[in-house]
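Asks: I'd like to ask you about the structure that follows.
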Amino acid sequence: MVGRRMGEGLYKMIRRFFSKNLQKYKQSCTQLLKLSKNEARNIIDTMETILCDADGVLWLYYGPVSDSPRIFNCLRERGKKCYICTNNSTRSREGLLKKALQYGFQINIQNILTSAHTLAHYLKDLEFLNTVYIIGKEGIAQELDAVDIKHTQTGPDILNCTLDEYIEHIRLESDVGAVVVGFDDHISFPKLMKALHYLEGGERCLFLATNTDETFSRTSVICPGSGVIVRSVEFGAKRTATIIGKPSTYLCSSLIKSGELRPETTLMIGDRGNIDILFGYNCGFHTMLVGSGIHGLDDVRKWRNSNDPELYKQVPDFYLPKFGDLMQILYH
């Protein structure tokens, strides 16, 4: 027992040493594959917690990124606390868990952090008692259901007549106390009109958004993301939404406060500088950009060469072409 305690104490001392040593990599965009295997492995070994974005990092629209389930599971086997941390609000945590398990990721629901789940608990903590008007999909509705918060239906709301006729017969809720905006592929004129109507009530009506991701990819087509819808509502309402997802710190604030997650030994891995890397920066985490999604090294060069300090915050500590490239560090 004494020997075991001494071993654990030595391990923690070594981890603290390497943790301090990591400061030299801050916003350096160090390419891990260009380091020696020992140096790269020491960096990963220092991390107690790994946060992984989902879309663009662990999987793409057609399935998991090469070797990502194996690497994710390997990190867990090595004692890391591994989380999936996503802005995607189209699925509930249960739905995302089912997808992850189907792809071969070994994870439980407590280690899945989503903007929709965090938003629902944000409202619950406020003891919110009114109805939520949703521009979004089932993931938001299901998370609100889980905490017994009333909400409007999701799905199509179509202008299939003249505007005057629609307004004459419009059905409006009388007790809406929050407008929530996320990704909605059924976004329409009626939905925007209703959101603006409810928000006209001023601060009595909360204005929340799951995230502001600008775009996402489906095969060769670029699709508008939640941010396009959020900015439209903001413009019309002349109000700014409270953003619950990345890069705001809400997703991890309770874990940090409880001590479950320590920023100095946490690595955030993502594919977007203005979402994932900025989130890591805001939380005080170490950050790694992977090139399998939206942003790459050309983008990092632009941020680094910019005179805008806000853009410089998006420069990551580390870079890998894809998450699965950790295989070369952990296994060789």
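Any Cβ shown, glycine's included, is placed from N, Cα and C.
The active site, nucleophile annotation in TrEMBL covers ASP53. Residues or ranges marked as Mg(2+) binding site in TrEMBL: ASP53, ASP55, ASP271. The active site, proton donor annotation in TrEMBL covers ASP55. Taken from TrEMBL, the feature substrate binding site covers LYS246.
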Asks: Given ASP53 (active site, nucleophile) and ASP271 (Mg(2+) binding site), what distance in Å do their CA atoms have, once rounded to a whole number?
Replies: 8
Asks: When you measure from the Cβ of ASP53 (active site, nucleophile), how many other Cβ atoms are you left with inside 10 Å?
Replies: 25
Asks: To the nearest Å, how far is the Cα of LYS246 (substrate binding site) from the Cα of ASP271 (Mg(2+) binding site)?
Replies: 12
Asks: Please list, in sequence order, the residues in the chain of ASP271 (Mg(2+) binding site) that are at least six apart in sequence and whose C-beta is under 8 Å away from its C-beta.
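Replies: For ASP271 (Mg(2+) binding site), the qualifying residues are ASP53, ASP55, GLY56, VAL57, LEU289, VAL290, GLY291, SER292, GLY293, ILE294, HIS295.
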Asks: Which chain neighbours of the Mg(2+) site, leaving out ASP53, ASP55, ASP271, have a Cβ atom within 8 Å of the mean position of the site's Cβ atoms?
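Replies: Not counting the recorded site residues, we get ALA54, GLY56, VAL57, LEU58, THR86, GLY270, ARG272, ASP276, VAL290, GLY293, ILE294.
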Asks: Taking the binding-site residues one at a time (ASP55, LYS246), which has its Cβ surrounded by the most other Cβ atoms within 10 Å?
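Replies: Ranked by Cβ atoms within 10 Å, first place goes to LYS246.
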